[in-house]
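Trainee: Mind looking over this structure? Questions follow.
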């Protein structure tokens, strides 16, 4: 029978000092036999997805204490990728994931907490907390802040839905008037919550639900809706039950590594492909799997991508649907229900509620459930009122979207595409693979060949795009922006958005060893591995080289002879200490980022730290 981890700080005369300090936090004699549960919050006023979380830790804590636990809250950092985008701040985004994971480990292990409730929401916070949870392997429940309502405005006598990406594209489009750009900017992000499309934050919160580590509805229920409060209340109660099951009944099924098993990872990736999630999710699932000591690789993702259809299409892949529409159609469980009926899921998995997948679908899939309360929860909709307050409205859709022929979520028979929303490509400069969000690629450019325009920084590429130096038919290559080369593997949302602003969204491709925002769409291929800074062949591409992209056949090829590539590699190696570094880039980075770069692996490994360099 495992002992409560916290007992080492609360029992025994030699722990009098620790107990004295616990008493100073408000604990009493009656608390010293109870489980101590960390409430891992991520409130910050910098990030709209986290601005409403200040009081939500208290909600969870009250339920923990009412159920017989002791709650202790702390905060992690949270970087807003949208605000950090397009300048040096983006260098810090991905490294913040490791910092979050480490800080959770530090706090939880330093104070010997027995379990956790993780209150996350945005891009690197959910992955960082997920990595920490699987590393620590103590009972955990995730409950996120929830999605933002979609922006809405009237343009050309028509009400359209908007998000952050629309504001970026219109702001850079010289054909758009100042007044229209201002109108879109003011309408794009109307409430608290994670950006309203299937960008990285919402994708990861959906995947956490599919992994079984959060409750049904967590991935799609709006941040502003009153129904979301119940998820926080339930999390506080349930974590005490899970904790006691493990420590008092020796039930290891309560542990995250047993819930988020390899079968669950496969289900989560299947969901990701079916819903056309952010390409960043590949990076984060690979990283989380390593923390869980699960053998889940790019090869597994490639195999799944070849058999899973696209059953859901959401912004940025379409302007018609946002997360509020996914929720109305049944949310994550709605998509999982269709995948299950198609025979594409592992059914022998459980979630934090203790329900198997069939039990979860029976209770929460709007197509089959008889539970009116569940149907009512999925009718929770937007209010259209600007606010930074959680749970501030209780509007509901008149009806559910259960149309699996033409609705937001489709059945296998009516899939948006027989090919899924993500694909892994391989070729002579992506030997370990690269990722494309096929959900956002127009059918006309699934096969594309063009001359390379090579840039060794995102900034140079942006300048060239906006300066008219990139023309229809070009393949923009941005390299030395990988985990090590950036460092930090910047997102390329500005270059892809500016291609659209210049009318080149369907006329050019963009390839990088960096990554893309979940808001990116178009022929945007990222995570090229190995990256240039690790000696990857993307570092050998020259201006004018033809690059052939073949998404249907999962190929990407630099049309240069092996002999020529060998000669270029020899010339690169001859640069000595300067080999595999940018020739024409001046970028000063901090010691913290250099430390990150010294241990960073390429994207095919999840951009995690190289344990072999530390003897592990």
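Heads up, the Cβ atoms here are built off N, Cα and C, so glycines get one too.
Sharing the features that Swiss-Prot gives for it:
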BINDING   81, 123, 124, 491  Mg(2+) binding site
BINDING   122, 195  [2Fe-2S] cluster binding site
MOD_RES   124  N6-carboxylysine
ACT_SITE  517  active site, proton acceptor
Trainee: In whole Å, how far does the CA atom of residue 195 ([2Fe-2S] cluster binding site) lie from that of residue 517 (active site, proton acceptor)?
Mentor: 11
Trainee: What's the most sparsely packed of the binding-site residues 122, 195, counting other C-beta atoms within 10 A?
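Mentor: Comparing Cβ neighbour counts within 10 Å for the binding-site residues 122, 195 gives 122.
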Trainee: How long is the line from the C-alpha of residue 81 (Mg(2+) binding site) to the C-alpha of residue 517 (active site, proton acceptor), rounded to the nearest angstrom?
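Mentor: With distance taken Cα to Cα, residue 517 (active site, proton acceptor) is 8 Å from residue 81 (Mg(2+) binding site).
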Trainee: Taking the recorded Mg(2+) site as 81, 123, 124, 491, identify the other residues of that chain whose CB atom sits within 8 Å of the mean position of the site's CB atoms, giving them in sequence order.
Mentor: 79, 84, 93, 94, 122, 200, 280, 517
Trainee: What does DSSP say about residue 81 (Mg(2+) binding site): helix, strand or coil?
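Mentor: Note: residue 81 (Mg(2+) binding site) is helical by DSSP.
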Trainee: Quick check: of the binding-site residues listed here (122, 123, 124, 491), which one has the Cα closest to that of residue 517 (active site, proton acceptor)?
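Mentor: It is 491, whose Cα lies nearest.
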Trainee: Determine the minimum-neighbour residue: among 81, 123, 491, listed as binding-site residues, which Cβ has the fewest other Cβ atoms within 10 angstroms?
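Mentor: Across 81, 123, 491, these binding-site residues, the one with fewest Cβ atoms within 10 Å is 81.
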Trainee: To the nearest whole angstrom, what is the C-alpha distance linking residue 122 ([2Fe-2S] cluster binding site) and residue 491 (Mg(2+) binding site)?
Mentor: 15
